[in-house]
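> Quick one: the structure is below, questions incoming.
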Amino acid sequence: MSSPASVMEPEDAAAGKDAESQLMYRIERPVYDEGFIRTKLLHRKENSTTLRQRLAQHCRCSNEKAKAALVSFLPILTWLPSYPVKQYLFSDVVSGLSTGVVQLPQGLAYAMLAAVPPVYGLYSSFYPVLLYTFFGTSRHISVGTFAVISLMIGGVAVREAPDSMFLIPVNGSNTSVVLNVEARDARRVQVAVVLTTLVGIIQFVLGLLRFGFVAIYLTEPLVRGFTTAAAVHVVVSQLKYLLGVKTPRFSGPLSVIYSLKEVLSDITSTNITTLILGLSCLIFLYAVKDLNERFKKKLPIPIPGEIVVVIVSTGVSFGLSLSADYKVDVVGKIPTGLLPPAAPVFSLLPNLVTDSFAVAIVGFSMGISLAKIFALKHGYSVDGNQELIALGLCNFVSSFFQTFAITCSMSRSLVQESTGGKTQIAGLLASMVVLLVVVAIGFVFQPLPQTALAAIIMVNLLGMFKQFRDIPVLWRTSKIELAIWLVAFVASVLLGLDYGLLVALTFAILTVIYRTQSPKSGVLGLVPNSGLYCDVDEYEEAAEFEGIKIFNSNSSIYFANSDLYVNSLKEKTGVNPERLQAAHKAQMKRREKENGNQNSPLKIYAKYKEPAVTHEVLSQNHLDEDEQRNGQLGDQHSESEHIFLEPLCAVHSIVLDWTSANFIDSVGAKAIKQVRPIVSLDATSCSTSVHEKLTLCLSLQVIREYAAVDVKVVIAGCSSKSSSYCQLFKHSRSLSTFTFLFLKCSQT
């Protein structure tokens, strides 16, 4: 057929209601073979430029390229020149002040998680926020301290600077020692700063190398299981502050169990005043958080429960002298002003490389996930690679000012967005609130009880504990994703956040291999009067064609699953080349023995009224193509000269549905080629990449190409004797949505 494709008018179906309920269209189009399509109909675009020319063009600089590069590196230039002051400024001011009020107590609290003095949490809430305003692409996220990252940093700091390193003898006696807190804290700050420097370098380099896609490997169940485990770590680490007991801090595998054991064993020494104050703050913050959630549509801004707790608890502690009279632990000295820049202690680098990669990836994944959520909600886009660069610069540059690693916080980001924040001007103003405290009134918070900060941390983690609700949902929807969630949670709780993340990521990758290695497969059958092909094992209505197997597998074929694919093909279709070869040899030997002469001039053929696997194919004695097409064995020999053998298999053709095959590698192609001793292969409508790989690996002598099933069926010999072929030809238009390989076992 050479006429152009045309769509005919709807055919007259049954009269009345049937005609109204169902319309039938007949689509006519030319039939091409693959050779014609790839040589006559379609032509690949030729690349007229050489590699040298492309490199020269890429390296050539122009005003437009320089401007585009500058705007890409400094996204603030895209929106600040056209900033609508009247529409946005008031909203950004309100949002910035509200976020700053929340950022202040969180900075103090999360410094405790990072195992550094509280003032370093304020530094980390100022410098990175200032830098992100210029380099970030998200308009709504609030960067700064975050519980999970702070806890990971704290674990490294405690590991590299444990209390045991800073015990000094009293009066020259080794039997009595005291802890040198100042020296310990100074060392832990050095560790946190060097770790932050490494994190910044890693994030920045990954951004330049366009590695923003790495976040996709941290699938949502993995991240949610990991952050839930981190919440468990955080809560356990804050119990000693809530109870007012003195216990050492542990890091590494089973640190949660060790920490919990120490707290429970020392629970009899609980400071009652500390416990009462901490529980009061905890209950108040929970109530405020619940009110904000219930009435968020009616409240102009969320009630700032954290700053209320900080102010009230500081006032109570100062007025009642809780530290001196009731032995309540307080924040202590907060130096006024900013520290001068200082170089990190690079001698600590070798021990922190592995930890820095974990912190860098987790920090970026947290940031980009929240950034995408807000971008989708408000109709703009974020650049993952630029976000890596922005976070890298925030961490690297800020580390010279004694900060620890940051990312975005969910609770603060929600405050910044819900209070009307439009741009990162809100974040800039929030950092100014923190700066005001650092340079002017930081000393006011010196009596702040640590138990109040512990309460702030615990309440802010309630959202993470709600992620346990994922378990029943994933149980109903995806068992594999549930396994990822549970592995991430259990491994991170027991092994620590660094090893837990590595185990979870490895397991997630293994699930991908498992899914591609063990795809769902089956034999398809035609549903009468529908043109639909469904799995015959799942649907009663699906009926197979006689002698034809349509094999479906929802995976590509490559080295990891090629053997499994071939084994599944043999099992589902019932065609086993090895067994057929053995049966063929046995029949041939038996016939030769019966004839008593191995050099008999009689030719051994198998000629059947119904299609089946023939001995010509098994013996590689292929007939002339015209004879195959006509279903004849040759005219030069009379029927008396032929020895007829029994059919070896009732299946004469196998159709491979490769709709889901995105690629096939050389190993997969060779696995398909293993079937060649029993069948010859003909490809129909393969995707370009699959077709090219088959052509390269197997050559066109093995793979013959057809653009549609119709062509292959006719060439295979659709005679009146082969009713199955005719049925398939009749319904071939229904099969045009599939991609096929014909494994043709005989000529009929």
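Residue numbers in this text run from 1 along the chain shown.
The backbone N, Cα and C atoms fix where each Cβ goes, and this holds for glycine too.
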> Name the residue range among 141-158, 699-716 that TrEMBL annotates as transmembrane segment.
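Of 141-158, 699-716, TrEMBL gives transmembrane segment for 141-158.
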> Can you tell me which of 299-320, 425-445, 483-514 gets the most C-beta pairs within less than 8 Å of the transmembrane segment (191-218)?
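Of the candidates 299-320, 425-445, 483-514, 483-514 scores highest.
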> Other than its close neighbours in sequence, what residues sit by the transmembrane segment (299-320), given a CB gap under 8 Å and a spacing of at least six beyond its ends?
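Contacts of the transmembrane segment (299-320) (Cβ under 8 Å, skipping residues fewer than 6 from its ends): 94, 98, 101-102, 104-106, 108, 277, 281, 284-285, 288-289, 291-292, 326, 328, 330, 415, 418-419, 444-445, 447-449, 452, 455-456, 459.
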> By Cβ distance under 8 Å, which residues at least 6 away from the ends of the transmembrane segment (425-445) in the same chain are close to it?
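Sequence-remote neighbours of the transmembrane segment (425-445) are 83, 88-89, 91-93, 95-97, 99-101, 103-104, 107-108, 118-119, 122-123, 125-126, 129-130, 132-133, 142-143, 310, 314, 331, 334-338, 412, 416.
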> Between the transmembrane segment (483-514) and the stretches 357-376, 388-405, 452-468, work out which stretch tops the count of Cβ pairs under 8 Å.
357-376
